[in-house]
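K.L.:
Can you read through this structure? Questions will come right after.
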């Protein structure tokens, strides 16, 4: 396998499938099947999940909520997704732990870096919830931060599109997909991959990002194996 330890970033929107809201159980099971194949190869996998299928802090803020309050609500939404994902993974036979940046001991472990790494070494999947525990930081930034903390070899951003484009492929039929590009190209071109804080964190810590389509069966395994899918961002 190309990567010994990887961090997978799942958006909340990915979990809702074609629904307008919430969690699609079939999507969760499809992700669990793909993750099971990856774990069986010996790759250590951590997951950061967003909460946009339930609540998005920026939208709450735009609607008049205090931004910090809205972000905390969004963090709680990610915990709901993390626990649901844990259930799906464990039903697929994958030992899984949820760690949250905001303590809620009845449902999850607190985030402790060394404990998370020990879980990974034992072949468990670790799902990180509640973002990084601070408002004003996205779950993409959390993914970059956790990847650096656990010494991940790569960040996988699994989305609804098959890579990074020079403009929105849903709006512009002539959009061009990049097979590979640099962090600096993403930052200077203001390409909508991750927010600039997340990109800068990966750039500074030399952690490549691979962006690919989550809904193509087997893509997580292909990405972990180092097959050329999606778009790769590196230094």
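Glycine is no exception: its Cβ is also placed from the backbone N, Cα and C atoms.
Sharing the record's features from Swiss-Prot:
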- 9, 10, 11, 12, 52, 56, 159, 165, 168: ATP binding site (BINDING)
- 17-22: region 'Involved in allosteric activation by GTP' (REGION)
- 51, 71, 132, 133, 134, 135, 136, 137, 138, 139: UMP binding site (BINDING)
K.L.:
In the three-state scheme derived from DSSP, which category covers residue 9 (ATP binding site)?
P.N.:
strand
K.L.:
Could you round the CA separation between residue 11 (ATP binding site) and residue 51 (UMP binding site) to a whole angstrom and send it over?
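P.N.:
Checking the Cα atoms of residue 11 (ATP binding site) and residue 51 (UMP binding site) gives a distance of 7 Å.
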K.L.:
Closest to residue 132 (UMP binding site): which of the binding-site residues 9, 52, 159, 168, going by Cα position?
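P.N.:
Nearest candidate: 9.
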K.L.:
About how far apart, in whole Å, are the alpha carbons (Cα) of residue 52 (ATP binding site) and residue 138 (UMP binding site)?
P.N.:
11
K.L.:
Compute the average pLDDT of the predicted model within the region 'Involved in allosteric activation by GTP' (17-22).
P.N.:
86
K.L.:
In whole Å, how far is residue 9 (ATP binding site) from residue 134 (UMP binding site) when you measure between their Cα atoms?
P.N.:
18
K.L.:
For the C-alpha pair, I'd like the distance in angstrom between residue 51 (UMP binding site) and residue 159 (ATP binding site), rounded off.
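P.N.:
The Cα atom of residue 51 (UMP binding site) is 14 Å away from the Cα atom of residue 159 (ATP binding site).
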K.L.:
When a 10 Å sphere is centred on the Cβ of residue 168 (ATP binding site), how many other Cβ atoms does it contain?
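P.N.:
Other Cβ atoms found within 10 Å: 10.
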